[in-house]
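**Student:** Before anything else, here's the structure in question.
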Amino acid sequence: MTIALGKFTKEEKDLFDIMDDWLRRDRFVFVGWSGLLLFPCAYFALGGWFTGTTFVTSWYTHGLASSYLEGCNFLTAAVSTPANSLAHSLLLLWGPEAQGDFTRWCQLGGLWTFVALHGAFGLIGFMLRQFELARSVQLRPYNAIAFSAPIAVFVSVFLIYPLGQSGWFFAPSFGVAAIFRFILFFQGFHNWTLNPFHMMGVAGVLGAALLCAIHGATVENTLFEDGDGANTFRAFNPTQAEETYSMVTANRFWSQIFGVAFSNKRWLHFFMLFVPVTGLWMSALGVVGLALNLRAYDFVSQEIRAAEDPEFETFYTKNILLNEGIRAWMAAQDQPHENLIFPEEVLPRGNAL
């Protein structure tokens, strides 16, 4: 047997170890390596949006007022996209367009690219934060996987779609009314509601809402009597070892209602994860298709018959005519640089004009 005598000396920590110890320390607000991406990007994205909606006009890019300073409110203010003439420029503050002039940069729409890019990386940082924390406490990464769905939608709508078009101009501006207008644009120019990917997205989101309502109600209905409190919350013991509700009772109830029911909690909760996430992923794929100007369903036979027979009309042909009206009205409004002129008789009429 060999005995080694001497003093054990631990190697000094290098810079990575020191940073790792500090970043992943147990504190009230976890930072982590993901925080190096999340916190600066979220700060700049939110700060840029608040700055733009408060002070910055869209007169030079869209011919619109879009800030609180100009009289907008929370629903009508927005950080607007750059002009179409700027195409896909990153609009860096020090770039050839603004040349370091902050006022000019804001007027050209630089805040939009600033908010969009920092927002995208901020969302990715938040997903990585969920990965990092899950790994630290030895959880599976399904929270992060689920959060990839809204990230996919954001990236496809705000970045990939305008990249497939002529410029950032055709992306949504960051504002409530601006997003509504973008939805109308999507319908008029892409017939988005008849796109199968949009249909899958609607089924996913509304189906998830239905599943949440059913699940929450079923759990409340089958709670074990675990206390003498007057309501659910006072009777709840956060350290209880037993189940909170009866899966067996819930299974029997829904078996009688529908004839089928979830047999175990794992499959039930996976299904609640699968439905909305898949729906949002499909929506994102559909928007990528729109970036390439792929068309939705076309029922040409109905259009031809409606054109030939004044007595034949379907909800589809009526919607196609509505889309033509949207295009005729929005194209001249939204793209003044194209100098589009439509005869008065093809434009929509109404006292709102």
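Heads up, the Cβ atoms here are built off N, Cα and C, so glycines get one too.
Annotation comment: Swiss-Prot describes H118 as chlorophyll a ChlzD2 binding site. If you look up Swiss-Prot, you'll see H198 marked as chlorophyll a PD2 binding site. Residues annotated as N-acetylthreonine in Swiss-Prot: T2. According to Swiss-Prot, the feature phosphothreonine maps to T2. What Swiss-Prot lists as transmembrane segment is 41-61, 125-141, 153-166, 208-228, 279-295, and the listing cites sequence analysis.
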**Student:** Take the C-alpha atoms of H198 (chlorophyll a PD2 binding site) and H118 (chlorophyll a ChlzD2 binding site) and report the distance between them in angstrom, rounded.
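**Tutor:** So the Cα of H118 (chlorophyll a ChlzD2 binding site) lies 27 Å away from that of H198 (chlorophyll a PD2 binding site).
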**Student:** Would you mind listing the long-range same-chain contacts of the transmembrane segment (153-166), meaning Cβ under 8 Å and 6+ residues beyond its ends?
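**Tutor:** Residues packing against the transmembrane segment (153-166) from afar: 81, 84, 87-88, 116, 119-120, 123, 172, 280, 283-285, 287-288, 290-293.
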**Student:** Under DSSP, is the residue listed as 'chlorophyll a PD2 binding site' part of a helix or a strand, or is it coil?
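**Tutor:** Note: the residue listed as 'chlorophyll a PD2 binding site' is helical by DSSP.
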**Student:** Taking the Cβ of H118 (chlorophyll a ChlzD2 binding site) as the centre, how many other Cβ atoms fall within a 10 Å radius?
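**Tutor:** Taking all protein chains shown, H118 (chlorophyll a ChlzD2 binding site) has 20 Cβ neighbours within 10 Å.
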